[in-house]
Amino acid sequence: MGPPGSGKGTVSGRIVKSFGLMHLSSGDLLRANIKAKTELGLLMKSCIDQGQLVPDDVISRLILTEMRNIDQSSWLLDGFPRTVSQAESLDNVCSVDTVINLDVPYQTIKQRLTSRWLHLPSGRVYNIDFNPPKIAGLDDVTGEPLIQRDDDTPETVTRRLKAYENQTRPVLEYYRSKGVLETFSGTETNKIWPHIQDVGKA
C-alpha cells in the first residue's frame, strides 16, 4: 500500500523477483480493461480522467475475479485494497499475512508523478529524474513511444492524493488493528527496499 507514485510498482517487482510471489496489480488490470474498452474499462477510465478513485464494488469484482482465475496460493496485491470495504471483501476470500505500507512524503510523490512516463502496452514506468529511458521518449525494451498518463498532471495528482488520504488511511488502521501492517518511510525506493527485504525474510 501507499499513495499513487510511492513506488508500489517498483517494490512489487522486487518482491516478486526475491520471493517468487504471483503479482496482481490493480493498476495493470485497470489499464488492460481500459485498453480493451470493456464495460468496466470505460467506467474506470471516466473515473480516472476526473481524478476520482474507481468505485469499491467495481475494483473488488475485478481483483477477486482475477484471483480466482489464478491457480496460486501466494499473491502480492499491488494497489488493492484501497478502502475498508475492499479489505473486508478480500478477507472473505483469503487471509492476509502482511501489509506493506510505503510512507512517502506527498511533495516527493508530486515531483515523481509529474516526471513519470509510461510504456502503456507493458506497464513499464520511467521517471525522467531517477529512472530515465536509455533514449528519451522511448521504451528500453521495445523502442516504442512513451506517454504521460492523464492522471499524472499536477492538478489530477493533487486530487488523487486527497482521494487516497480520505479513502485509504482507514485501511491502514484496519490492518494495523489486525497486527499485519508494516510501514516503511522514506523518499527513495532503493533506501526503503533493504528494510522490506528483511521483513520478507523473517
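Residue numbers in this text run from 1 along the chain shown.
Keep in mind that glycine also has a Cβ here, set from the backbone N, Cα and C atoms.
According to TrEMBL, the protein carries these features:
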BINDING   G5, S6, G7, K8, G9, T10, R116, V125, Y126, T189  GTP binding site
REGION    25-54  region 'NMPbind'
BINDING   S26, R31, Q52, L53, V54, G79, F80, P81, R82, Q86, R149, R160  AMP binding site
REGION    115-152  region 'LID'
DOMAIN    116-151  domain 'Adenylate kinase active site lid'
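Remark: of the binding-site residues F80, Y126, the most isolated position is Y126 (fewest other Cβ atoms within 10 Å of its Cβ). Nearest to S26 (AMP binding site) in space, judged by Cα atoms and limited to the binding-site residues G5, G7, G9, R116, Y126, is G9. Counting same-chain residues at least six beyond the ends of the region 'LID' (115-152), those with a Cβ under 8 angstroms from any Cβ of the stretch are 4-5, 9-10, 25, 27-28, 31, 35, 48-49, 51, 160. Of all the binding-site residues listed here (S26, Q52), the one with the fewest other CB atoms within 10 A of its own CB is Q52. Candidates G5, G7, R116 (binding-site residues) were compared with R149 (AMP binding site); those inside 10 Å Cα-Cα are R116. Separation of the C-alpha atoms of R82 (AMP binding site) and G5 (GTP binding site): 14 Å, rounded to the nearest whole number. In this structure, the binding-site residues under consideration are R82, R116, R149, and the one with the smallest number of other Cβ atoms within 10 Å of its Cβ is R149. With respect to F80 (AMP binding site), the closest of these binding-site residues in Cα terms is G9, chosen from G5, G7, G9, R116, Y126.
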